[in-house]
Amino acid sequence: MASNSVCASCLRALRQQARKEIQRQPSLASIRPQHTRRLLSTTTRALAAEEQPRSTKRQPSKPSSANPSAFDLSQLASQLRKTDTLRSATEPYIAYGSTEDLFKACARQCDYNIPNVLKQPPEPAPKNAGQEDVGVGSGWWVTPKEQGGLGLDVTFNTWAQVVFLHMYMMTVRLRCFPKEHAGIWHQNLLDHFFYAAEDKMAVWHGMTARGVRNKYLKDLWLQWRGLLLSYDEGLIKGDAVLATAVWRNLFKSSEEADIADVALVTAYMRRQLLRLDEMGDDVFASGEVDFEGPAAVKALAEKQSPWMHKSFSSEDLKELEPAQAPAQK
Amino acid sequence: MSRQQTIQHYARLLTRWPTDRLRPEHPHFQQLLRKRLQAAPSSHANEAREVNAAYLLIDNAFAKQYPLSENVMKPTSAPTHYTDLERELDEAPDRTWWDGVVKRVKGLVRLR
């Protein structure tokens, strides 16, 4: 029976790993040294070995031209996987490994830690106006506006929303997989997020009680489902609706948000979705995916709109008329 | 851009920004626009840039620049996903409580 709280030695081990990970320069570019991949994951060695053959696309089986009577053991694993029964048994392992890479591409966008927690002895985290723990983060989403970033608060919520945004784009792409594969891949991608979220809650936010973490995880799941709906609605109905969804989720419906920032994120999303669209299933399933920075869409988001010079009609200025008297009943 | 012009731009944006029938009680983007119309935001904001960004959004400038292919809009695993969703989003705000119950009960059983 699992214990109700994270034991102190496990927590210490996780924190030490986190400290080492931060001290090591985060060179999470496309060439990643093999050993950092396993640092904070929860996979066992057996699964790591299984990860090697990653393609799930059914390769058309070519009849071996050399010696047909020889029993080809090297292709046995992939051929067994192609049969229906074994595919459903082995697919989750492949999906787990590949979606881990896909998730890491999402998580790389924005990472944070809370320095107070690493001190000896640990101090409570600083809080912002909304009583959320504030940390120190990396990524253009959280760098201050003066340095060209969006200047979002470095909180768990921001991290979750930024990762959700990228996972949403992955989800849209995963829908293009054949029906029997898509469900498993969606589920595994989501699982990786929840493992990471729970890690962060336990390590950086002091939530050692499983019950508290579960409460927040359930809330996160509801946010994810709502986000899927909102962003899909934006995809169907156009940029303004997508921007409103981004404003609601990422910018927390703040009236202090800059419309230009919301537009930048919307343009970024559209561009990344197109890039993922143009990627083949094989490349995508192998996990070799990376997102660009905002520089690619900055010019487009600043482009002069023809509306700026159009004259105003009386229809346009309806809002400025004084309020009508209530209709006589 | 003069204050008068800014106000006129925000008024035009308010008439053209899409309404959200699905989330009547949530904060609406129109509230942000109306706030800008009534009072100038803090000095760091560049009004022309803000208004321009809003115009680009209502024009679908980004969707036109990066149009998604049929592969994504009619995905293999669920070709009618987006069309079904569109219909659902259209019908949902007008459903009564009883309609919702009937739909939930019908959704319990999915015939293959």
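Quick reminder: no glycine exception, Cβ is built from N, Cα and C everywhere.
Residues annotated as region 'Disordered' in TrEMBL: A:44-71 (among others).
Taken as a whole, the domain 'Ubiquinol-cytochrome c chaperone' (A:150-290) shows an average pLDDT of 95 in this prediction. Look at TrEMBL and you will find A:150-290 tagged as domain 'Ubiquinol-cytochrome c chaperone'.
The region 'Disordered' annotation in TrEMBL covers A:309-329 (among others).
Across the compositional bias 'Basic and acidic residues' (A:312-321), DSSP classifies residues as 3 helix, 0 strand, 7 coil. Marked as compositional bias 'Basic and acidic residues' by TrEMBL: A:312-321.
For the domain 'Ubiquinol-cytochrome c chaperone' (A:150-290), the DSSP counts in helix, strand and coil order read 109 helix, 1 strand, 31 coil.
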